[in-house]
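Worksheet for the structure shown next.
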C-alpha cells in the first residue's frame, strides 16, 4: 500500500439530522470527569443528567412520531464518573461513581418500572472510580480504575480476579483489546502501559505517550497490535498517536489538532477503522481512517456542530442503517439535546428484501442480573411518563431518596426522586399533564421596554463595580438611587416622574465620604435612603420631597457598630424603623433607627455572608454564606441559628429570598463547576437539603432574584447579562415552571422590581422593572396576552399587600408583637372582574362542503349535482332561435 492509495471512505459524509430527530429538551450535566458521559446499546441510551448520581435513560429508536421520553435512574450518592453497556446484553448497564463503588443494573423494557436497587455492587474502592469497561468477549468480566489501582472483576462472584499494579499516578484510561487478551492503560505519569492480566499483574510493555500529563485516552483498533492514544503535547495542543505494540518505543504516526482545553475523546470503530475525535467544549468532529500502513491517519471528513459538545458515544454497529450505507453513528450530548450524527458512504443501494433491520435479532440475557418479570395488573403501579425536558428532579425516575444520600453528609444536594416510574406505559394510563408536562399560566408573559419618553438618559459616571452582594442600585415608586464612580461615595437620586435627558452638568448627589457597598430605600418612608459604606457605617439620608436639588454632605443619622465593611442592607417588611445589615465581621445586626442603635446581633457564620432576607411575616431572617450553609434565625429568640442546611457548593456568590408565602426559600448560586443554579428549600426542613435544584447556564455574575408574591413569579438575571429568566415557583412538584425570557440587545448593569401598584392592570401588566444600562435607565413591563382586556383579570391580580404602610413600630416588634399586612384590591372602579364576565356564545360554524358531501350517498350526490347544473343553465322548453329562421325557396337551390 503506498501513499497514493484510494480509501473507500474518502466520500464519507457526516449528516446531522433535522431537529425533529433530536432527543431534545434533556438536562445534561457538566461533570468534572473526563469520560464520555453517554453510552449506547442497540436499544437504550444512558447519559449523565444535571443531578449528581442520576442517569437519564432513553430509547435509542423512536416510535413513529411520538416524542422519546427520558426516564431517570438514581444510581449513586455522588457523581457518576463512567458507565458502560454490556456488549452482549442491551439492558445490562454498569456504572462507576465518585462514591467509590461499581454497580450493575438490569434496565427494564417498555412499560416496566426502573429498578430501585442494583443487581450487583462491586467495591468500595479507596478512591473514586474513574474508568469502567465490560470485557468484549466474556460475560461478567469488567475492568475498573480508581486512583492508581486497576482491577479486573468477576461480577458474578463480586470479587476482583486480578489487580494491575505499577501505576505512578492517576489512571486516566483503561481499555480492553478487541480479543480481550490485553489491557491498555494511560496514566497521569505520561506512561502508556500494556498488560496481559492472565499472565502477570505487572505491565508487559510501557512507553511515554504524551509530553503533557493532562487527560489522555486510549482506543484499540481491530487488531491487538495497534492502538490509538489522545492527549496533549508540550504546547498544550491536542495530539493523536498510533502505536504498534511490536515496536513500542516510538509512535507509528502522530498528528496535532488545536489548543482547546477540553479532553479529546477517541471513538474508534474497529471494523471500518474510522476514528472520530470529539473534544469536550468544542463544536466540531474530526473523522480519520486508521490503517497500519502510511499514511496511517488519513483525514476523511469534518462535521460542524450546532451546539457545544459535552459528551459523545458510538452506536453499536448492529443498530446502524446499513441499507443507506451508514458506517458510523455518533451520539452528541449537549446541554439540552442528544444529536445522532450519521456517517454515510454515498452508494446506490438497491432496496431488497434482505434488509437486516427487518430480520429478528438474537438476544442474549446475562445471568449476572436476572431480568425483571412484569408485575400483575393488580399489583403494578401506575407508570407515568414525562416528556424529555419536562422531567423535574422531584418527579423523575430513580431509586428511593436513601440511595441519593451520602453517608458522609447529612443529606444529598439532589432532590428526592421517585422510583415507581418506567420508560414506557400504555396510552390508557397517561394523563394530559403527563403527556404535555405541567405548564404555567404565565408562560406567555412578554417583557417589553416601554416608550423612550419614559426613559432617563445621559447618565454619566456610574459606578459599575459595586460589590456582588449589592444590586447595584435601588428604586421605589418615586425615585432611583444610583452610586457614582467619583470619590467620596457619591449617590445620585433621580426622579422617576421626571424622565428625559439629564443635563451634561454634574448632578446633585449625596456625599457619603466612603465607597458605597449597598443601599436601600425605606419601604415606609419614600424619602429616606440607607447607604452602607466600606467604613463599616450606615448613613440615613433624607431626600427633600421635591427631589435632590443640591449636594448633601450631612446624613440624618449615622449607625456605627460593625467592625468590618458592610455587605447588605434589608428593611423589615412590616415594622417601621427596623433595619438588618450584614458585614465582613461575620455578624448580622438588627437596628432600631429611631434610637440609632443595634438592638440584636446574630452570630454563627464561618465566612462571608453573601445575602440575607426577611420572611414575609417578619419573624425570621435567612442568610446564605460562603461557608456553604443556609441558615434561618429568629432574631428575637436568640443570636444562634434556628436551622442550618447545605447551600450552594460554589463560593463565588449567592442570593436568598423567601417564596411561596414564606413556606420555601429560593437560593441562587453556583455549583462546583461554576454553573449558575437555583435551589429551592422547604423552610421548615432546611437540614434536609433542597427540594429541587435547577441548573441554568455558566456565567460569572450571580443571579439576582426579584420575587413577586402575588403571582409566584421570579425574575433572575445578573449584572452584565442580556437575558432575564422568568420562572413560576411552586411549593410542590415540579417546583419550577419556565416562562418566556426577556432578552435585551446589550448587557444591563442592574435590574430591580418596582412596587405592584406601578403596574398597569388594564394592560394585564404583571410586573414593572427598571433596567440600568451603561448610560440610561429604562422601564421594562412584563405583560400577559389576554383577549378580553376590558375586564379586570382577577385570576392573575389577587389582592396585594400594602407594603408602603407599617403594621408595627420598632419598639412593638422588638418586644415580640407580630402582625399581618393589609390587603388592597388592584381592580379599577370602572372595570368588572373577568370571573364575572358573561360567557360569549360560541359562533355557529356552517359545515364544510366536504363534510356535507360525506353525509350523502353517491346517488344523492349525482342528483344534487344535476339539479345544480340545471338551476344554473336552465331547463326551458322555449323554441330555439334557429327555429324562427325562414329558409329559401326550393327553386333557389338550382
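Keep in mind that glycine also has a Cβ here, set from the backbone N, Cα and C atoms.
What you see is a predicted model, and the numbers here were worked out from it, not measured in a lab.
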Among 146-169, 170-193, 194-217, 218-241, where does TrEMBL put the label region 'Disordered'?
194-217
Looking only at residues six or more beyond either end of the region 'Disordered' (194-217), which have a C-beta under 8 A from one in the stretch?
34, 150, 152, 161-166, 169, 172-173, 181-188, 229-234, 236, 239, 241, 243, 245, 248-249, 263-266
Are there residues at least 6 beyond the ends of the repeat 'WD' (602-643) whose Cβ is under 8 Å from a Cβ of it, and what are they?
468-469, 567-568, 570, 572-575, 580, 582-584, 586-590, 649, 651, 653-658, 661-662, 665, 667, 669, 681, 683, 686-687, 702, 709, 808, 813-814, 816, 818-820
How many helix, strand and coil residues does the repeat 'WD' (73-107) contain under DSSP?
0 helix, 19 strand, 16 coil
Per DSSP, what is the residue count of the domain 'DUF1899' (435-500) in each of helix, strand and coil?
5 helix, 22 strand, 39 coil
